[in-house]
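In Swiss-Prot this protein carries:
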BINDING   7-20, 96, 152, 175  ATP binding site
C-alpha cells in the first residue's frame with residue numbers, strides 16, 4: 001500500500017486541504033505544525049482542534065512538528081518535516097503548489113549538485129534576503145523564474161531539496177481557487193488567510209470549511225493577543241542576541257522599534273528591511289516571545305491523532321521508531337512544550353495542550 005506524506009499547518013483547515021487529502025493515495029500521514037506557524041505567528045486554533053479537523057477529512061495519522069522545525073524558513077521547515085515523515089515510512093509526498101513543475105527533476109538536480117548550489121548561495125551578497133538568495137540559486141541551476149508571491153511554490157522547492165537522495169516520490173497538486181495571501185470571498189476554494197480574516201462570517205465559513213462546527217467552538221487567537229507579553233520580553237531582556245537567530249543588528253532595531261510600536265504589525269513594519277523579510281521578523285519575534293535558545297530536536301515523534309488505519313501503521317513501526325503518545329513527567333520536547341504554555345496565555349479559555357492529553361482517535365473517516 002502507498003504511504004503518502006503531507007506537510008501542513010491547516011491554519012485553519014479548509015476545502016483546499018480536503019481536496020489535497022482526497023488526491024492523496026493509500027495511508028495518509030500528516031506532519032503538522034503545532035501551535036506556532038512557519039511564518040512566525042500563533043495558530044488561529046490549537047493543534048488538537050486542527051488534528052481533529054484533519055482526521056475527520058481524510059488523514060489517517062497526524063504527528064507534530066517540533067517548535068524549532070515549524071517556526072523556520074522554508075528550507076529548514078521542509079527538511080525537518082521530511083526527516084520525520086521519512087522515519088514514518090512514506091514513499092510519496094503530496095503538496096499543493098501554485099506552479100506545477102517537474103519537482104522530481106528538481107530534486108534529482110539537487111541530489112547531483114547540492115553542494116555546488118549551496119556554495120553558490122553562500123557566495124551571494126549579504127544585502128540579499130534568504131528567499132532572494134534561494135531564488136537566485138534556482139534561477140542559476142534550474143532556470144526557474146518566479147515571483148516571491150507564491151509561498152506554496154517556494155515550499156515545494158524546499159520539499160524537492162529535502163527529498164533529494166531519499167526514496168520518496170513527489171506529487172504536486174495544482175493549488176485550487178484563491179492564492180495563499182488572498183482574502184477574496186468570491187472563489188471556489190478560499191485561502192486560510194481569507195478564513196482567518198472573515199472568521200466571524202458564518203456563511204463564508206460554512207462554504208469553505210468542512211469542519212466548521214469544530215472551528216466555531218474553539219478558542220481563537222491572533223498575534224495581538226500576545227503583544228503585551230512580547231513587549232515585556234523585549235523590554236526585560238538586556239541582551240536579545242542570546243535569543244535563537246537574533247543578531248546584533250536585529251536586536252538594536254527591535255529595541256528601538258518597541259519604544260513606539262503600538263501593535264505587533266507596527267513592530268514588524270518598523271523592523272523589516274530589504275534583507276529581513278516580514279516573515280523572518282515575525283519568526284524572530286516568536287523566538288523572543290518564547291525566549292527560544294538553540295536546542296537539539298527531539299528524537300521521538302509526538303503522535304497527535306489517528307484513525308484505525310493509522311493505528312495499525314503505528315503498530316507496524318514499534319521498535320523501529322521512537323513514538324510519544326502521552327506527555328507526562330518526561331517532556332517530549334521542552335521548547336515545544338514551553339511554546340504551548342505561552343500559546344495558552346493568549347486566551348484563558350484555551351485548553352491544556354500537553355499534560356493528560358492523549359492522541360485523538362477517529363474510528364473511520
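The backbone N, Cα and C atoms fix where each Cβ goes, glycine too.
Projection of Swiss-Prot feature records onto the structure.
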residue	record	CB count, 10 Å
7	ATP binding site	27
10	ATP binding site	25
13	ATP binding site	30
16	ATP binding site	22
19	ATP binding site	19
152	ATP binding site	17
DSSP three-state assignment for residue 16 (ATP binding site): helix
For residue 152 (ATP binding site): DSSP state (helix, strand, coil): helix
